[in-house]
Amino acid sequence: MAKLPQFRKAAPRPMAGRRRSTVVWHRLIRSLLYLITWIFLLLVLIGNLSNKPVLRDTYFLKIDLSDIIPLSVPNAVLINSIARSIGLHDFYQVGLWGFCEGYDDTGITDCSKPKALYAFNPVKILLSELLAGATIALPAEITSALKIARIASEWMFGLFITATLLSFVLIFLSPFAVSARPPQTLSSDPQVNQAQHIHHRHTFVLLRSLPFTIITFLVALFTVAASIVATVMFVLFRNVFVSASEELNIKAWLGIRMMVFMWIASAFSLLAFILQFGSCCAACCGGRKARKAMKNKDSARQMREKNPPSSSPSENSGRTANAS
C-alpha cells in the first residue's frame, strides 16, 4: 500500500511590525483617553444649566446672601428675612452658560437662559433682582475687575468649546496615529522589511504622526489653559467676596465638583499628548541602528561591485601551467 506523502509546514516567513493585539491595545488606549477627556469636558459644559441631579451641584462659584447683614447688627435676622422681600435670593451659582438662583429651604428656583460667551457679572445680576428703589452696596473691587473678567470669560468659553469638539473627533481619529508597522520596527534584514509591505517612514511621520501630535497638543493646550483661566478668575471673585464679609457678610466658595471635572479632563488630555509625542519621537528617531546597518551593507556591496577581487599570483601560475 502506497504511503501518502507527508506534508511539512513551510518555514514561517519573517514577520515585521507589532502583534495585532498590541496594535489594538494602543489604539484603544488613545480612544479611551479622549473619551474620558470628552466626558468630563461635557460635564463642564452642561453644569449648572438646570435644576437636575449632578447639574445643580456642578458650578464654578456659589455666592450665599442668606445672611447678608452680619448678626452683630441689631435685628439682623429680621433684616435678612426682609431681604427676600426686596428681590434678593439666598444664593447664586455660576456656570459656563449662565447662573442659577434659589433659596436655602427650596433649592434652585430658576436658571438664566443659556448664553454663548457668558460673562459673570454679579453687580448686574444682583441689581437686576432688586425691586424698584432698593439698592445694595457691593465691594468696589468687584466692579473694577469686571472688564478683565468679561474678557477672561469669553476666552474660557471658547477654549472649553473648542477642546470639547476636538476631543470628540479624536475619539475616532486618534487610533489612526498607530501603525501596525511603525518606523521603529525597521530591521537590518531586507527580507523582514519586505515581508508585509514597503516601509515608508517619512510618509508616516509627515502625514500621520506629526499632524496628530499637533492636534493633540492643541487639545491639551486649550483644556489646560481654560482650566487655569477658570480657576484663577473664580478664585479672585471668591476672595473679593470673602474680603467684604465683615461689611456685608457675603459667603462665597468654589464649586469643587466643577474644578475636579475640568482638571481631570486636563490631566487626561495632557497624558494623551505625552503618549502621542513619545510615539512621534520614536517614529522620527527609531530604527537608526537598522538604517545604519542597511546603509553599511549597501555601501559594502557597491564597493565589491566596483572593485571585484583580483586573482592571486599562485592562481595565475596554476592557470598558466594548466594551459601549457
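Each Cβ is built from the backbone N, Cα and C atoms, and glycine gets one as well.
Listed by sequence, the residues of this chain that lie at least six past the ends of the transmembrane segment (28-49) yet keep a Cβ under 8 A from its Cβ atoms are 55-56, 58-60, 93-100, 111, 114, 160-161, 163-164, 167-168, 170-172, 174-175, 177-178, 219, 223, 255, 257-258, 261-262, 264-265, 268-269, 271-272, 275-276. The annotation transmembrane segment is assigned in TrEMBL to 28-49 (among others).
As annotated by TrEMBL, transmembrane segment applies to 125-143 (among others).
Sequence-remote contacts of a segment are chain residues at least 6 beyond its ends whose Cβ falls under 8 Å from one of its Cβ atoms, and for the transmembrane segment (155-178) they are 23, 26-28, 30-31, 33-35, 37-38, 41-42, 44-45, 96, 116-118, 208-209, 212, 215-216, 218-219, 222-223, 225-226, 229-230, 233, 262, 265, 269, 272, 276, 279. Look at TrEMBL and you will find 155-178 (among others) tagged as transmembrane segment.
The annotation transmembrane segment is assigned in TrEMBL to 214-237 (among others). Long-range neighbours of the transmembrane segment (214-237) within the same chain, counting only residues 6 or more positions beyond its ends whose Cβ lies under 8 Å from a Cβ of the stretch, are 34, 37, 41, 60-61, 94, 120, 122, 142, 145, 149, 152-153, 155-156, 159-160, 162-163, 166-167, 170, 174, 252, 254, 259, 262-263, 265-266, 269-270, 272-273, 276-277.
For the transmembrane segment (258-278), the list of distant contacts is 29-30, 33-34, 36-37, 40-41, 43-44, 47-48, 58-60, 95, 160, 163, 167, 170, 174, 177, 209, 212-213, 216-217, 219-220, 223-224, 226-227, 230-231: same-chain residues at least six beyond its ends, Cβ to Cβ under 8 Å. What TrEMBL lists as transmembrane segment is 258-278 (among others).
If you look up TrEMBL, you'll see 293-324 marked as region 'Disordered'.
The compositional bias 'Basic and acidic residues' annotation in TrEMBL covers 295-307.
Residues or ranges marked as compositional bias 'Polar residues' in TrEMBL: 315-324.
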